[in-house]
Amino acid sequence: MDNSKEKIILNVGGIRHETYCSTLRTFPGTKLCSLTEPHASRVHDYDPNTKEFFFDRSAQLFGYVLSYYRTKHLHCPADTCRSVLEEELAFWEISDAQLAPCCWLKLTNKDCQPEEFNDCDENDHADDQCLIAQVERRDFSWRARWQPKIWSIFEKPFSSLSAKCVAIVSLLFIIGIVIIFCEETKAQYEFFAVNVTIFGHSDVIHSVQHTYYQQAPYLLHLELVCVLWFTFEFSMRFFFCPNKKKFLRNPLNVADFLSLFPVYIELFTTEQIQKTPNLVLWLGFVRVIYLFKLLKIFKLLETPLILKVLSCTFKSIIREICFLMMILAFETFFFGSLFFYGELLGIHPFSHGDLLFTDIIMCFWWALITLTTVGYGDIIPFTTLGQVIAGFAAVFGMLTIIVPIPIFLVKFKGYYASAIITQKLKMSKKQ
């Protein structure tokens with residue numbers, strides 16, 4: 001087979017292909033190139049009667065592979081699965097990086113379920129796998145026996161009748177504590193008069209309205225009942241959780257834990273609260289976490305597919321989001337600084353009282369609101385230079401927000417298609 005004009009016959013998937021040995025030597029180091037070596041008949045499946053090499057591979061794709069050796073341009077059919085193509089190219093020891101750009105576009109548009117889109121579905125049953133692993137280890141302790149049952153009661157509302165009852169009770173407590181939270185925020189007003197001496201006149205009396213927050217005792221007691229239930233629920237879920245690290249990394253679980261503290265702090269620091277009214281406001285600020293408990297309503301329903309897809313999408317583009325935040329921060333500092341000095345340079349030296357900002361920090365606030373196209377109007381440019389800077393800030397803000405949208409849509413489309421296919425496969429297996 002040393003003669004460059006010598007021919008070689010390849011039988012791939014029952015289809016015979018005939019070409020020159022010199023054609024197969026176009027790309028050294030590949031499997032087809034090794035067929036031109038003297039010992040090839042001993043290494044590969046060679047039939048001396050028909051004088052052909054046999055490969056039980058895809059005949060359709062091999063036609064494109066052989067065409068690659070002839071034209072040095074690798075293409076693929078439009079209806080090819082990406083994973084099948086990669087497997088076939090790997091068998092012939094050809095890198096998929098050699099694929100022509102036109103075919104890359106076809107694969108990208110057609111392949112709506114790349115491998116990375118399947119990763120988000122793997123963690124859904126991680127807790128169940130931990131429980132199965134305990135059974136396989138034959139752990140017969142009382143905790144191992146009760147853990148799957150109690151975990152299902154508190155985490156899977158439709159697993160049993162008792163789980164449904166616990167979910168309904170928890171929902172009632174959630175609704176109750178949200179109502180209590182709203183009632184607690186009603187302000188009580190106190191009016192008192194003070195004598196104020198202005199320019200030597202002491203006969204001027206001002207009526208001063210002072211607002212303070214004071215929680216009614218019965219509301220605190222009702223809130224304590226709700227928090228006791230949440231404490232019990234959180235303790236059971238944490239103690240019988242198969243994977244505690246994953247449990248603690250869940251933001252909703254962290255919110256549940258933090259929401260337990262305001263009531264206990266208020267009960268044990270009654271005297272300090274009377275001396276420092278602002279402490280009540282800070283505890284109320286922490287109580288906002290109660291609203292996150294409303295998200296648990298989704299447990300009583302089957303989690304909508306779109307919520308799972310959105311969660312996976314945001315996780316996949318977290319790097320892009322961080323990069324966007326860095327760009328937005330740079331633009332905020334840049335345009336805020338320009339606006340600050342632009343307004344000072346353009347305004348009349350004796351008219352600084354007309355400015356709506358006192359320092360550059362307020363200009364950073366203005367820049368952020370302008371870049372995000374919110375535009376409250378609390379700070380506006382008075383000078384021509386300031387207006388030009390504001391215009392550029394608005395344009396750059398729109399561009400910064402618009403650019404990541406296609407990335408999000410592409411990722412969302414892939415995850416949604418993957419979720420639909422996975423859902424159909426699960427339904428077919430159940431049937």
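Yeah, the Cβs are placed from backbone N, Cα and C, and that goes for glycine too.
Bear in mind that TrEMBL entries carry predicted annotations, made automatically and left uncurated.
Listed features, source TrEMBL:
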DOMAIN    6-109  domain 'BTB'
TRANSMEM  161-181  transmembrane segment
TRANSMEM  218-240  transmembrane segment
TRANSMEM  252-269  transmembrane segment
TRANSMEM  281-301  transmembrane segment
TRANSMEM  321-341  transmembrane segment
TRANSMEM  356-376  transmembrane segment
TRANSMEM  388-409  transmembrane segment
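Sequence-distant contacts of the transmembrane segment (321-341), counting only residues of its own chain at least 6 positions beyond either end whose CB sits under 8 Å from a CB of the stretch, comprise 314, 357, 360, 363-368, 370-371, 381, 386, 389-390, 392-393, 396-397, 400, 404. With a cut-off of 8 Å between Cβ atoms, the residues of this chain six or more beyond the transmembrane segment (218-240) that come close are 143, 146-147, 150-151, 154-155, 166, 169-170, 173, 176-177, 180, 183-184, 247, 253, 256-257, 259-260, 263-264, 266-267, 293.
If you look at the transmembrane segment (281-301), the same-chain residues 6 or more away from its ends with a CB under 8 A from one of its CBs are 155, 157, 167-168, 170-171, 174, 177-178, 181, 184-185, 213, 230, 252, 255-256, 258-259, 261-262, 265-266, 307. Listed by sequence, the residues of this chain that lie at least six past the ends of the transmembrane segment (388-409) yet keep a Cβ under 8 A from its Cβ atoms are 313, 317, 320-321, 324, 327-328, 331, 335, 338-339, 342, 367, 370-373, 381. Counting same-chain residues at least six beyond the ends of the transmembrane segment (161-181), those with a Cβ under 8 angstroms from any Cβ of the stretch are 152-154, 219, 222-223, 226-227, 229-230, 233, 287, 290-291, 293-294, 296-297, 299-300. With DSSP states grouped into helix (H, G, I), strand (E, B) and coil, the domain 'BTB' (6-109) comes out at 47 helix, 20 strand, 37 coil.
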